[in-house]
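Written out below as C-alpha cells is the structure these notes cover.
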C-alpha cells in the first residue's frame with residue numbers, strides 16, 4: 001500500500017512537472033513560455049489564406065485605381081509637393097519617432113531594433129482603403145504608397161544605418177529586396193488596370209469602386225484576424241512594447257497630419273498624408289525580423305509587428321468614425337442654416353410684397 005502511494009505521488013509530481021515544461025518540439029522556451037513550430041495544418045492554412053488574401057488585395061487595389069484620375073495622378077508626379085511632404089513623414093518622422101520611443105522607454109537592443117524597422121517600413125496598402133472612406137485624395141494616396149515602396153529600397157538601409165548604430169550593426173539586418181519588389185509590382189499592376197478602366201469606362205469604374213471599397217474594409221479586418229491566428233505565441237510581450245505599440249501609430253497619424261497642415265496642404269490631403277504616415281507595411285517588417293534574428297532574439301520581438309498592426313487599425317477606425325460623425329454633423333448644420341436663410345428670404349419677400357402691393361412669385365412660395 002505504501003509503495004502504491006509513493007508511486008501515485010511520483011506520477012502526480014511528474015504530471016505537474018510536465019504540465020509546466022515546454023513540449024519537446026518547441027523552438028523557443030523560457031519557463032512556461034514557448035513557441036511551437038508550425039504544424040502541417042497551420043502551414044497549409046497559411047498558404048491558402050496567403051493566396052486568398054493576395055488575390056483579394058489585388059482586386060481591392062484594382063478597385064482603388066478605378067477612383068484615380070490619370071491627369072490628377074500625373075499632376076502629383078510632375079508637381080510632387082504632396083509626395084515630398086509624405087516622404088518627409090514616412091522616412092523622416094517615423095524613424096525619428098521610433099528612435100525617440102526606444103530611448104525613452106529604455107527597451108532591450110533587439111526590441112529597439114524591431115521598433116526602428118517598423119518605423120523605416122514604407123506605407124501599407126490598407127491606407128488607400130481608409131483614405132477612400134475619409135474622402136481623402138486617392139490620387140495622392142496611391143502615388144504616395146507607390147513612391148514610398150519604391151524609395152524604401154534605398155531609404156530603409158540608410159535609416160537603419162543611421163538609427164541602429166546605438167544598439168547593433170546595421171549589416172546584421174537582412175532587407176528582403178525581393179519582398180519589397182513583389183509588394184511594388186502587386187501595387188502597380190492592379191492600380192494601373194484600375195486607372196485604365198476609369199479612363200475608358202467611368203460609369204463602370206464607379207460600380208467597381210463601391211464594391212471594392214466594401215471588400216477592402218472587410219479585408220482589413222480579415223487580415224488582422226488571420227494575423228492573430230497564424231502568429232499566436234504563448235509568451236507574454238514586454239509591457240514597454242505594448243505602450244510603444246499603442247503610442248507609435250497614434251504619433252504617426254498625428255504628426256503626419258500636422259506636418260501636412262503646416263506645409264499648406266488642403267484638409268482632405270492632410271487626412272491622406274496622416275493615414276499614409278501612420279499605416280505601415282507590417283508584413284514587410286515581420287519578414288525582415290524573421291530573416292535577420294535568431295529564435296532566441298525573436299522571442300523578445302516577434303509579436304511587435306502584429307501589435308502595431310492591431311493598434312494602427314484601431315486608430316484608423318477611430319479616425320474614420322470621427323470623420324463620419326463630423327461630416328454628418330456638418331452637413332446637418334449646413335442644411336439647417338440654408339433652410340433658415342430660405343425661410344427668412346421668403347418672409348422678407350412676402351412682407352415686401354404686402355407693403356408695396358405687389359405679388360409673390362411661385363419661386364418664393
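Including glycine, each Cβ sits where the backbone N, Cα and C put it.
These figures come from a predicted structure and were not determined experimentally.
Here TrEMBL gives transmembrane segment for one range in the set 15-38, 111-134: that range is 111-134.
Among the ranges 175-195, 280-300, the stretch that TrEMBL annotates as transmembrane segment is 175-195. When each of the listed stretches 80-105, 175-195, 241-260, 305-326 is scored by C-beta pairs under 8 angstroms to the transmembrane segment (141-163), 80-105 comes out highest.
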